[in-house]
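The [4Fe-4S] cluster binding site annotation in Swiss-Prot covers C42, C43, C108, C138 and rests on sequence analysis.
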Amino acid sequence: MADIDPNQLELERQGILLTTVNRFYNWGRRSSIWPMAFGLACCAIEMMAFGLSRYDVARFGAELFRASPRQADLMIVAGTVTKKMAPQVVRLYNQMAEPRYVISMGACATSGGPFRDGYNVLRGIDLLIPVDVYVPGCPPRPEALLHALMTLQEQIDRQKLGRVRWYGEGDKPQTTDFPVPTFGAKGLEIDGKLIDPVGGLPLLSPYTSPSHGEHRSGQIEHPEVVRQFPIMDPEVELEHALKARGVSPEIAADDLKRGEVSNA
């Protein structure tokens, strides 16, 4: 929160309230963040613990987990996002009213986690929707999620009405729904463009919070080699020993050629 004038604090103690529309508006939103009752995998167990009496999230106004996206302000993406579930996540996000926020909880929701190179796991929910706060861990403890909620409140305190995206103002306004991905021949697609291909290829995403428009590359962690799995894609060539992830090229190539098992 921005620094407050000591004279203003003294007047408030005497019952005289001096404020701005921004401060009053942000105070109302930060004090009533209603999460959506929405869990994907094991991180959701920690999210349930976060909502119990031990951590007392009622003091932040976030104890009301809503069953409908129409009544929710916050989506906590808790756990692994499979490519089959990804379109439903985007649909739920589009049904939430602005202002709406997203917390990416855990390594899987943020980057795919230990399943990053799998054929069925989305490598980060920010490929499809903007994320406000990331929570590392596998799984994160409830205290980490509580810290993420406090971090989100700090972000809300710094917002200005003339710059928020839901009023169509600012550098990159968002006034339409986010496109729902569909299944293509090699992965998730949006308008025919491959978003998260199978086989460890580079990632391209138009949505990376908070700037809404940067590109994200899947080669950041492994700049020297693009990891691919030949046993999943017959068209992949064994150009690097690490691509087979410990399997000899002969065995991997034999797996590609393996056809139906004979009855002999």
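All residue numbers here begin at 1 and follow the chain in the order shown.
Glycine is treated like the rest: Cβ placed from N, Cα and C.
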Which of C42, C43, C108, C138, the listed binding-site residues, has fewest other Cβ atoms within 10 Å: C138
Other residues, Cβ within 8 Å of C42, C43, C108, C138 Cβ centroid ([4Fe-4S] cluster site): A41, A78, G79, T80, M105, G106, A107, A109, G113, G137, P139, P140
